[in-house]
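**Student:** Feature annotation from TrEMBL assigns active site, proton acceptor to ARG185. According to TrEMBL, the active site, proton donor annotation covers ASP466. Per TrEMBL, domain 'Malate synthase N-terminal' is recorded for 27-89. The annotation domain 'Malate synthase TIM barrel' is assigned in TrEMBL to 181-425. What TrEMBL lists as domain 'Malate synthase C-terminal' is 431-547.
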Amino acid sequence: MSHSHTTSGRDMGRNVGPVNVDQVLRDVNVLGPLNNQTKKILSKEATVFLAVLHRTFNAQRKALLQRRVMRQAELDKGNTLDFLPETKHVRENDAWKGAPPAPGLVDRRTEITGPTDRKMVVNALNADVWTYMADFEDSNAPTWDNMINGQLNLYDAIRKQVDFKQGEKSYALRTDRVLPTLICRARGWHLEEKHMTVDGEAISASLFDFGLYFFNNAEELVKRGTGPYFYLPKMESHLEARLWNDTFNLAQDYIGMRRGTIRGTVLIETIPAAFEMDEIIYELRDHSSGLNCGRWDYIFSVIKRFRQNPDFVLPDRSAVTMTVPFMDAYVKLLIKTCHRRGVHAMGGMAAQIPIKDDPKANDAAMDNVRADKLREVRAGHDGTWVAHPALASIAADVFNTNMPTPNQFHVRREDVHITANDLLNMNVPGKITEDGIRKNLNIGLGYMEGWLRGVGCVPINYLMEDAATAEVSRSQLWQWVKHGVPTESGKKVDKAYALKLLHEQADELAKKAGKGNKYQTAAKYFETQVTGEDYAEFLTSLLYNEITSPSEKTPAAKL
């Protein structure tokens, strides 16, 4: 007689009822290579948890993605966005609040962000910052090695076992002070992880990233005085926040952890989400740790969602600053909303990299960083982002001088009254130039070429570019061609002109880069996105198959 493998959550170190492991893992397969180290992350127990998450929530995830498609169809017809009448009672109720700040998240004045390679993890945790957002999303190219080794690096870092040598150089965590609080950014709801399938379909990338990090580290993080904290990207409605909240509740119940231990900071980086900030905090309220201004993705979303509308054509990217009307309104509304609800209002990214060989240019760049951070702290932000450790001291100095308190929830911004028209005010002074077109092409091609090589964070012209800036670049080009706008010199931006400049830039970049580069592959994909015709929802989805290498499947039951 054969017996199926039945165990209990307690046998697995988890506070759940009896789990028939063989039954749960039926039709669950891993399509990426595994070794003894990575099996520490993708254990049989962790895989059971991932399968439970996927089967519980994937149908709702797909329904919410279809809702985005339907909303886009309405916008394409000329309809617009507004605050939701059905949730007016949530917005107008002063009584409810988000969760109090969790341990390690009271003071977040400077946060460093970056991918999860081992060197970055050590350098970020050694930086003079308050938190480190370890990124599985826009600054990471989701190869199997990057995803699984990134989880392993965070697992080791939490346990302070991440020190390593690279050649003659040693990398070790500092021991002279408390390390920054770790926050994990999972991939967005729209992405899938094709190296793991459940019942024949790829698992949600969000659930894969969240599930592995939570299952392997939640209890250890709490034991060490913090908790399982997350950044949640690319959401477009409060219903998507509700799905995250449901996921958090199931996860905590599954391992016997108190509900409300998890915290999620939501990036408001889509224009639909800007109209639902209160509702997003409300849905996550027991797990909310605030909102963040994802500035480049937000500009990308404005162009994407209103791409058929000529009233939303923007000038060169350099002219779309944080002080133009629609960006200023978004920032003010975010700060007011967060502080009214008692949660953090986080500022945006300083993407500059030190210019070591040009002190004058470097001083000018750092002055720009200082001015940007001063604008943020004076507006009422509780903290800000930097991409490079050298910028941390500048950001900290500005916040320390102007915000002597751990946060400034008390700055309520009751003077602010933002309307739908304010959020959609496209009165942006500036011109469209050939130089702006070429810069967009260089950034788009440069980022895509790096991504195709498995690098998700690419230095271009002394700025650390990630997927968001590449998305702005290609969306602007699409928009300019679609609406046939003229450049400053009177040249109409049409398909032929855009493709001519694209091929010139691709050839120039490929020549400079030498053998083995992927600029022509990047150009092949990019040219489908800049003619005002086809428009992929995300560049990363468009390119994903180029960097996935599903191998012979390993049934999860054999892990």
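Don't overthink the numbers, they just go from 1 along the chain as shown.
The backbone N, Cα and C atoms fix where each Cβ goes, and this holds for glycine too.
Curation plays no part in TrEMBL annotations; they are all automatic predictions.
On this model, are these features tucked inside or out on the surface, and what's nearby?
**Tutor:** The number of other Cβ atoms within 10 Å of the Cβ belonging to ARG185 (active site, proton acceptor), over all protein chains shown, comes to 24.
Across the range of the domain 'Malate synthase N-terminal' (27-89), the DSSP-based residue counts are 42 helix, 3 strand, 18 coil.
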**Student:** Across all chains shown, how many C-beta atoms besides its own are within 10 angstroms of the C-beta of ASP466 (active site, proton donor)?
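**Tutor:** Around the Cβ of ASP466 (active site, proton donor), 27 other Cβ atoms lie within 10 Å.
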**Student:** In whole Å, how far does the CA atom of ASP466 (active site, proton donor) lie from that of ARG185 (active site, proton acceptor)?
**Tutor:** 14
**Student:** Going by DSSP, how much of the domain 'Malate synthase C-terminal' (431-547) is helix, how much is strand and how much is coil, in residues?
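**Tutor:** Helix (H, G, I), strand (E, B), coil: 74 helix, 8 strand, 35 coil.
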